[in-house]
Every structure is written in C-alpha cells, then in structure tokens.
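Heads up: the structure comes next, in structure tokens.
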Amino acid sequence: MLPAEIKIKYWKNSFYWSLAFLSGWLVYYRLWAGELTFGHFVQALEATAAVMIALSYAFGTITFYTNFLDHELIYRKWFGLMGYCYLVLYFLILIIGQPWEYFYKPLSGEYSVSFLLLSSILLYLSFMALIGHDAIIRELGPKLWRSLLRLGYAIYIFWIPRAAILYGSSWLAWQYGTPLSTLPPPSLLFTALSCGVVLFRLSVIPIKLLRKFFSIPPTSLKKSLPTSEQH
C-alpha cells in the first residue's frame, strides 16, 4: 500500500498530463473547425479520456517488449483513473446538455444506442476502478487481479462502435465528401488510437505462443521483471 503523499504525487502528475492532452485537443479542434465552441470542449473531454485510458493499457504491453518504461508502470493505474474521471465528467455534461437523450428517455425505458454504449463503458471502467483499490487487490491476489485487468480491453467493444455511430459521417466526409477541414476529424484520431492499443495488445499473443512452442525464455525478448509486474 502506497503512502498518501506518494498517491497524491501520482494523482497530480497524471492530472498535469491530462491537462496537457486536453490543451492539445482544444488546439486541434480550433485548427480543425476554425472555431472553438463548448461542444468542442465537451468532445475534447472524451478525447482526453480516450488518450489517458489508451496509455494506461499501452503501458503494460510496452513493458512486455522492453524495459524502457518499467519504472513508470505504476502510472498505468493513475492514468486509467484520470481517464475515467474525464469520461464521467463528459457523461455528466451530456446529461445536463442533452437531458432528454441521456436522462428523461432512459428513465422512461427508452435507451438510445449512444446511451447504452456509453453506459456500458462507464460500468466497465467503474468495475476496473473498484478492483484497483488496495484492499480489493489484496483480496483478489496478484494473479487474479492482473487477469481481471485485461478484461478492461472489452470497453473498446463499446467505445469504438459508439464513435463510429456518432462521428462516422464526419469521417466519411473527410475521406470522400466535402470535409470541414483537410485535417482528419479529432474523433477519428482518438478512435484510431483506441484500435491501435487493442492491436498492440493482440500482438503479444503470437509471441507468447512462439515462446511456449519453442520454449523461448522471456529474457530473450527483454530482461526479466519481478513476477508481480509481468503482463
């Protein structure tokens, strides 16, 4: 269990990184649309959440291939939690800004595809945040805990289709029609990043199979890590 001051340090550093990504997205939205509206700010929150969560997942895969970021692996948890906070804020703003779509209709039993997919993402991430608690980790044990963490990739089953449904028309316009800008839509960029993270993780599977088949020791790919940090 980490001391409180260390946790605060990780929270602060993750928050600073998120602000940097948010600022970058806001600049990009301004360049892409020629203006910056509140709607763009809300979408930038979603984009920032996507980047923080994608990096959180990518940390584990990177350390499978190289020792380069082993000492930063702990940020996987804090980047993921920060991304989760941004996504919750994004959802709350949608409820306030589009109450009929995201509040009143669901209360009456009518659910849009966007609402269902976003709710599924948040439920999954809420579960991931819950099992990240120190007490839960101790109860689960490191092996089961790491296995459950990998289930977090399932959020992309909901996130990528939701992005395609909401923003697909702007992607097609950029590729084939009359685009708003010569720059690719921001939503296309963070969706491509999400796809890349999934493919990056899947690239581990054939390597593990080759290791098992040919009895290749893990140290042939990278220097060994403590058991608790293998992925």
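The backbone N, Cα and C atoms fix where each Cβ goes, and this holds for glycine too.
Taken from TrEMBL, the feature transmembrane segment applies to 15-32 (among others).
Sequence annotations record features per position, and here TrEMBL assigns transmembrane segment to 44-66 (among others). Among residues of the same chain six or more beyond the transmembrane segment (44-66), those with a C-beta under 8 A of the stretch's C-beta atoms are 14, 17-18, 21-22, 25-26, 29, 72-73, 75-77, 79-80, 82-84, 86-87, 89-90, 93, 125, 149, 152-153, 155, 159, 186-187, 189-191, 193-194, 196-197, 200-201, 203-204, 221-222, 225, 229, 231.
Among the features that TrEMBL reports, transmembrane segment is placed at 78-100 (among others). Within the same chain, residues 10-11, 13-15, 17-18, 22, 42, 45-46, 48-53, 55-57, 59, 118, 121-122, 125-126, 128-129, 132, 152 sit at least 6 positions outside the transmembrane segment (78-100) and bring their C-beta atoms closer than 8 Å to a C-beta of that stretch.
Summarising the annotation, TrEMBL assigns transmembrane segment to 112-132 (among others). With a threshold of 8 Å between CB atoms, the same-chain residues lying at least 6 positions outside the transmembrane segment (112-132) that come near it are 53, 77, 80-81, 83-84, 87-88, 91, 94, 101-102, 105-106, 140, 145, 148-149, 152, 154-155, 158-159, 161-162, 165-166.
Here the transmembrane segment (153-174) has Cβ contacts under 8 Å with residues 50, 53, 57, 113-114, 117-118, 120-121, 124-125, 180-181, 184-185, 187-188, 190-191, 194-195, 197-198, 201 of the same chain, all six or more residues outside its ends. Under the heading transmembrane segment, TrEMBL lists 153-174 (among others).
Residues 25, 28-29, 32, 43-44, 46-47, 50-51, 54, 57-58, 60-61, 64, 153, 156, 159-160, 163-164, 166-167, 170-171, 174, 231 of the same chain sit 6 or more residues outside the transmembrane segment (186-204) yet have a Cβ under 8 Å from a Cβ within it. According to TrEMBL, the feature transmembrane segment maps to 186-204 (among others).
With a threshold of 8 Å between CB atoms, the same-chain residues lying at least 6 positions outside the transmembrane segment (15-32) that come near it are 40-41, 43-45, 47-48, 51-52, 79, 82-83, 86, 180-181, 183, 185-186, 189.
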